[in-house]
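S.K.: According to TrEMBL:
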DOMAIN    100-225  domain 'Palmitoyltransferase DHHC'
TRANSMEM  12-35  transmembrane segment
TRANSMEM  47-66  transmembrane segment
TRANSMEM  131-154  transmembrane segment
TRANSMEM  166-190  transmembrane segment
TRANSMEM  196-217  transmembrane segment
Amino acid sequence: MFKLRLLNAVAPAYFFSATAVTFIFHFCFFIPTIFQSPGISLRASTVIHTAVFLYLMLNALGNYVMTIKYPAESANETVIPACSADCSDKIDAHYLLNGRHFCKLCKKVILRRDHHCFFTGNCIGNKNMRYFIMFCIYTSCTCLYSLVLGVAFLTVEYNISFENPLTFLTLLPLSTGYFFLGVISGLQFFLVLMLYVWLGIGLVCAGFCCQQVLLVARGQTYCQMKRGQLVESCSSWKDNLSDVFGSHWAVGLFLPVQTVEAFSGEVAAHHHKHD
C-alpha cells in the first residue's frame, strides 16, 4: 500500500513536470527555430502552430482538472466496508454491489468504478469518465504533435535525416553513447529522451482511450472486465455513451467544459439497484 500511495503522489508530479518541459521546448526551441524568418517578426505558420499547440495543451490540462474536480464518489455512503478474508481484490478496492467499489487509496465509495488513475490521484467512474477520455485524447495529440515538431527541430538544427525508418530506432542508443563520449550536449540528449517519452505517452493514451470508449459503449467497467464479469447492458451503445458523455457531448469534444450531469452517477446506481 505504501508503494501505491507513493505512486499516487509521484505520478501527478511527473505529469506536471513533463507538461512544463514540453511547454518550454515548444516556445524556446521548436517554434523560434523551425518557423523563424529573417526580417519578419511574425509569420502565419508561427501563429497557426502556436495556436494548435496551445489548444491541445489547454484542453489536456482542462480535462485533467475536470477529472479531479468531478469525482465519481458516492455522497450517500457513510459506512466504510472492510474486506472479507476471501476478497479477491487485495490491492486497491473491494467490490460491493451494483458497480459500487470502496477504494483504499481514495478511502471513498466510488460509483461505477472503472479504475484508480495515479496521474490524477483519484478514481475514474461514471461522473468523470468523459473528462478522463478527453484528457487521454488531447494528451495523446499533444505528445504526438510535440514528437513531430521535435523531429523537425533535430532536422533543422542538427541536420539529422529521418528518411530512413531505422533512424528513430537507433537514435536513442547512439545518442546515449555520444553523450557519454562528450560528442553531443546534454540538451540534445535530453531532447532525444523527450522524443521517446512523447511517443510512449502518446501511444499509451491513445490505446487507453480506445479501450475506455469500447467499455463505455458496452456498458462495462474495467473492474468488471478484470474480474471476467460479462455485463449485459439493458441500454443501447448510444445510450451508454450518452450516459457518460452527457447531453452536450459535442461541446465537450472541443472545450473542457462540464457536459456530464452532476448526479448522473447516483441516478445510474439507483436505477441498477432497483433493477
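Quick reminder: no glycine exception, Cβ is built from N, Cα and C everywhere.
Bear in mind that TrEMBL entries carry predicted annotations, made automatically and left uncurated.
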S.K.: Most CB pairs under 8 Å with the transmembrane segment (196-217): which of 12-35, 47-66, 131-154, 166-190?
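M.R.: Comparing 12-35, 47-66, 131-154, 166-190: 131-154 has the most Cβ pairs near the transmembrane segment (196-217).
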S.K.: Can you say which of 12-35, 47-66, 166-190 has the most Cβ pairs under 8 Å with the transmembrane segment (131-154)?
M.R.: 47-66
S.K.: Within the domain 'Palmitoyltransferase DHHC' (100-225), how many residues are helix, strand or coil going by DSSP?
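M.R.: With helix first, then strand, then coil, the domain 'Palmitoyltransferase DHHC' (100-225) has 83 helix, 14 strand, 29 coil.
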